[in-house]
Every structure is written in structure tokens, then in C-alpha cells.
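K.L.:
Attaching a single structure in C-alpha cells format; questions to follow.
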């Protein structure tokens, strides 16, 4: 199975296997997408004809996703949360990258492991542990000082914190990898040409990191957008899209409007992932 | 400082340690305006540290660095008018050629129109007038080299430091760039300090060369002085090729004498640097291949008068390299001697032939062995 | 001297966000959860400290059976993902042409960023009684009445393997990609056959990728919630479901915290064992992918 030119039947069998794998990979996504266009109130066969009602129709029983208030609000909250999470995690990811690539301090390896750890903690546990701490703190403040801190009750802030807690590991790793490739003599060259340290950072180092920062931001955005496990415990009344959709699937049952949302998300995520790959494949890498 | 300084750069007894390692141990030198000065030494000799101190990336532990007569200790690197061409050039890949050259000018707050004029002027001078809009990765190795120099020269530095910038180029281009660098230095009339471990780069381009070894300068001089009148055994061995013998002085007359090598060869020598070497001193003797005449044993009667040393041997092999061909001769005592020969293609020496080697005592440079009495 | 102060200041400024993040969002919450798991509500506003919650776990077979079931099924899913994914990763990294390689890798990545929910939803549409597969089988005349493929262990395993597959393939492709083809050729050249080359050269080389993929896959599977619930139904007995029930349905946070700690301990021990047995470290596996 290893050499390039071995017996053909084997290679064909191998190719068939890979092809079957990709069919397996695509099947549920295709199924989820295709019923968005079926002119039926159930996302199931038989095929009743093509329609865009599940996107654009404005009345029951075929209320399209762009007229479904609750779904739209879910998308809006997801966007807000994802925007905060990606901004925050890229910022901290960048400072972490500088800390671990440039910094010299005791127990650096230990701290580096500590930075990776959030990635291997199950998301459910991150969710409940942050919920517990926030609630305890809020209760304590309320009982002791009679202070009501809404921020620490389940809601957007806690969701952002919960997702931030492990997405930062991802962004840190992406940006660290890029910073490690940076030739430090470029910074020295800029200093030598008369630039101040701030200017070196602004004109040389950050532009070099920019592709990685954008890619990390996109990854953070997507991971935040699709996150369910951590969000589930921290969510308040402002439910993001995944939670809204889950409620629908679990309580109302499936309707093709969910397929419409799925289709939109698959296309959107695909495009963003493509952008992140294009950004990283830049010409400045030597 | 009322009198105009005659030196662009003065280093006074500067030293630097990293932990327990003393990278530079008290180096002093002056470089007159407009000269091409090289620091030549094996890797790890401290030359890069020395250069980084001049550029301001490291602070010396002691001593003083003066540029145009003014001490720059405590001046951060971005405030020193010393520019540097880095080993891997460190051109900024996210900017095009124009922006690379304009970078330093922008840092100094020069106006846009002036930047444009200056960049185009410097591109003219390095004979690359049309590359301003190109990206760095579109340039050839030699062009990158010139852009890196232009990026510094546009700022009119007092001193330009070059840290082995030819190291990454292939051999042919390196040869061409040597000549070009020398011409550029002449054209800009700025002091160049060139760091290298490649002696041919240093010898070809420089007005003066400093040989550095283990954190110290062994000798400073013109290329010819270093080659013909090395002051230490290290310089004699490092600059150019040499045949090398260890031995003990048998007889000394002040400026020269006779030595017997460990293999038992008697040789007449001249003490290097006009020193006196006492009898019984352990010494090293260096003789360059081009000063050894190789003659067939049968023709050995026409000995040149000056050649007061003679040795018999058998041709071991010929090292053909065009005009730089050599012959390897195995002496009767077993050691191998290299000597330059002219190979014409007719009646040349062949391996196995018996030959005589002759050289003059003036070309036998003798140094007391290091670390021995 | 100024330079030194500047460096120290920069280091502190860079360390601050890192420390805030790790302390406030990782360390303190987990300490809080441990503390919470050690107390028991005996009456309203009256708490007792001790291991009562953990004793409950041990005394109630349903709980620890669920944990063992979750663990063993997660291991099974991890093994299946590796077995299915390795040949595909190898094909992408070594056998595919330059252009197809990029395209295939991209195909792998796109589903990676699609929510678990959508993927599970897709499977539901395919496998349920009125789903595509059942309809297709009836249409083809293979069966004469609708079949329910959902709500059994096999479906849960398939769904989980599907969900985590890409986290296995991506690290595998990136390690195999870094492997010099001439190493494989040298292996053949020195007389190895396909199997020995695979066992002696390719697998040892790909070890960091394999371990990294397995760790992430195992962790994701054991901690997954959506897929087992949606594909396995309410009786899927997944441990995260127990945690959710304690927290949200029964509002017994103390027991929920104890369960959370147990899940964390369990996954940590398995990951630690995996690292020890394969001789890898967290830093050279997960951090590289």
C-alpha cells in the first residue's frame, strides 16, 4: 500500500476506499442541505419539487429562515459572541505567542503545558466549572455586599468567557507557530534603520504575523459559532444559534427550516475556512 | 571635541562576556574615514559580537566605542548612525523594494517627495534603476544584496557594517559581488566594516584587515602585510596556505637561525616580525607553497642562489587546478609537502618521480610555539 | 540598565493576560468545582463536607456503569477513527498528486468547521424511520416496511466516529506530510516489504500525529453531548448527560460537580496513560497539530 507504482488492482481498491470515505464524510451534510430545497413540510423523501420557501417565505406553515424571528435572533447572538471571542482570543493568543517565543522566565515549559491544557479538558467541564465559579462569586457578592452582578449570571458574558477559555489555546498555537518562523534579524534591521521599538512592532512584526492572526481569528470565529457543549451550561436568555436549533430538534422536531439554516452555515463556514487557508498561504514565508 | 576626528570609528579596549564565556576580550582599533576594513576570523571568534556592539545590539562590558569621535555607549541602536547589512540581509518581505529602501527615511520623518528622490537616486547608484516596484521575492540573490546595501546607504551612515553578506550566494556570484562591493564602497566613499571567515573575501576587498581569534585581534594590517609578514603563528596559518613544521631551534643569530623539525629536517629560517628566538625554543615554521621550487632530482644542479633550504622527496600526486596546480611531495622522512607548480601539459612531473624542493630562509617564517617554553 | 527594565516590564505585560486567563478561567473554576463536589446539601442552606457525592457515585451502579460505558465506547471510537482515518490520511499526504492533495485536504477541513449539531441532524435525516436510507431500501424492494436505524449503539458509534474523524485526519496528514518520501524508499531499498516498512518506518514517524489525534478524539468523544443524545435517544446513557441532568434537571450542582471531576479525572488518566505508553509528551503532540 506504500509505493507509488504497485499492483494496480490494489491501488484501485485503495482509491475506492478513499472515495467511499469522502462519500461517508459528505452524506449527512448533503442530506442536511438538500432538504432545504424540498417543497414539503417534512425534511424527508419523497422529493416534492424545488423551492426556496424555507429561506424566504414569510408565513406559516413554511416560515423561511429569514423570517423566523427566533432563528434570526440566534444568529445575531452567535455573531456577537463569536466576534467578541475571536477578538479577545486573537489578542491574548498574540501576547501568549510573544510570551512563549521571546520571553525568558523560570518554569516556561510548565506554563506552556498549562497553556495547552484547556484544549484537552472536555467542553462540558469547562462550562460547568465556569458556571460554578461565576455563580458562587455572584452569590457571595450578593449575600455579603448586597451587590447584584448580572454579568456573572448565565448570559452572553459567561458564554464568551467559556468559549474564550479554550479557543485561546487554539489561537495561541497558531500564532506561536508563525512567530517562531520570524527571523529576528528583521527586527534588528528595522531598529538599525532608525525605527523605534513601537514602530518595529507596528511595521515589521505585526504585519508578519497578520496572516496567522487572521487565520486564527477565523478559526476562533467558527469554533465559537458552532460550539455547543460549553455554551449549553452558560447560556442565559440570549440563546445563540446552536442552542436555538437544538431546542427545535429536541422539542419541535425537525422542520426544513433547520435544513435551510444548516445549508447557510455549511456554505458560510466553508467560505470562511477557504479564506483562512488562502490567507495563510502567502508569499512572504521563506 | 574641537578638533575634527580623523577616525570614523574607534574602539578602545572593548570586552564582552556571555555568562562564563568571554566572547570579546579587550579589542582596540581605529578605522580611518572612507576605508574598507575587514575583520577576519574563524566562526566563534567573537567577530559577530564585536559587530553587534558597534551596531548597539549589545552593550560592551568595558571599554568605549566612538563614532566620528563621539562615544555611543548608551545610545540605543536606532539612534546610532551605523547601518548594518545582515547575514541573511533581513530585507522586509512584506514591503516592495521602494518601501524597503524608504523605511529608514520614513523613520527619520523625511518628506515624501524627498524620499522618492533619494530612493531613486540610490537605485541609480547601485545600477538597479527599474526595480523600485518589485517585490523582494522577485529579486535575484545579487540584486537583494545590492538592495540591502542601498537600504543602508540611503541614510548616509558614518559606518556601514556588513556581516558575511556573501555567505548565502553561490561561488560565481560571490566572486562577482566581491568586486562589486569594493566598487560600491569606492563610489559611496563610506567606511565599510566587513566581517567574514572567508580570507579571499577579506584579502581582495579590504584596505585593512584585522585577524581575530578567540576574542582578540591577532594582527591588523594591509592584506599584503598579513600575508607576507604575519606576526603570529595563527595569522600565518589562517591567512593563505602553508606547509607547517614543528621543531626546536638549534642555532640562533638574532634575526634567524637553524631549526630541526620533529621529523629531523634541518632548516634555515627567519624569525617573523624581527623577533629574536632563543636556542632551544620550540617553534613552528611556515612555508607557503608558492615559494617552494620543485625540480627533478636530475636537474637539481641549477639551484637558485637564494634557496638555502633543500629537501629530497618523491612526487606523491598532482593536484591539477589550472593555474593553481600543486604537487604533493612525500619526503624521505614521510611528511607530505605541498608546492605550487606550473603544469604546461608537456613533460610535467608525474607521480613517483624523484624531486628536490628548494626554498629560501626568508620565506621560512618561524614562530615560538604557543603554550610551550 | 534601561534595556533590562524595559524587558522586565514587557515580560510582565505579556504574562498578565496569560495569567488572568489561566487563573480566572481554568484554575479557579476547577478548584471551585472540586470544592463544590466535596460538599453535600443535607437541608436547605445546610451543607456538610465530605466525599458523600463520590460515595453516591460508587453506590449507584447506573452512574459508574455509565462512566465505564462512556469510556469504553470512547476508546472504541478512537480506535475506529484511527483505523479508518490512517489510510485516508496516508493517501492524502503521500499518494495523491499535488493538486488533488490540496483539494482533498480542503474537503476534509470544510466539515471540520460545521457544527456537531448539523452533522448529527444530517445523520438523523438519513437514518430515521422516515429517513433517506429507510425510504431507499423500501424503494429498492429490499425491505417492505420502514426501518428505524436510530437509537442504538452502532449508530451512536458511527455518528461519533464521523464527528471526530477530522480531528484524527488533520494531525495525521500534517505529520505524514513532513515525512521524507525517500525514507519509505530507503525502507524498501533495504529489503523491507510493505508491512515492515509500515510498522518500522511510517508508524513510528507518524507517532506524534497518531497520539495527538487520539488524545483529541478521545477527549471530544468522552465529552460529547449532542451526538449520543440525538442519535442514541434519551437512553443513550452517556456520562455528560448525567452531568447535565444533575445540573439542569435536578439542580443538584454538588453531585454534578463531582461527576464533572470524575469525568475529568477519567479522561486525564486515559490521556496520561496514552502519552506514557507511546512515549510522547503533550507539548510535542497536541501543540503541533
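Glycine residues also receive a Cβ, built from the backbone N, Cα and C atoms like all the rest.
These numbers come from a predicted model, not from an experiment.
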K.L.:
To which of the residue ranges A:155-179, A:230-254 does TrEMBL assign the term transmembrane segment?
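P.N.:
The listed stretch tagged transmembrane segment in TrEMBL is A:155-179.
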K.L.:
Might you confirm whether the transmembrane segment (A:75-99) is in contact with the transmembrane segment (A:155-179), defined here as three or more C-beta pairs under 8 A between residues 6 or more apart in sequence?
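P.N.:
Yes; at least 3 Cβ pairs under 8 Å.
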K.L.:
Count, for each of A:12-37, A:111-135, A:200-225, A:257-279, the Cβ pairs lying under 8 Å from the transmembrane segment (A:75-99), and report the range with the highest count.
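P.N.:
Ranked by Cβ pairs under 8 Å, first place goes to A:200-225.
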K.L.:
Please tell me whether the transmembrane segment (A:200-225) and the transmembrane segment (A:111-135) touch - that is, whether there are at least 3 C-beta pairs under 8 Å between them, with each pair 6 or more apart in sequence.
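P.N.:
Contact criterion not met.
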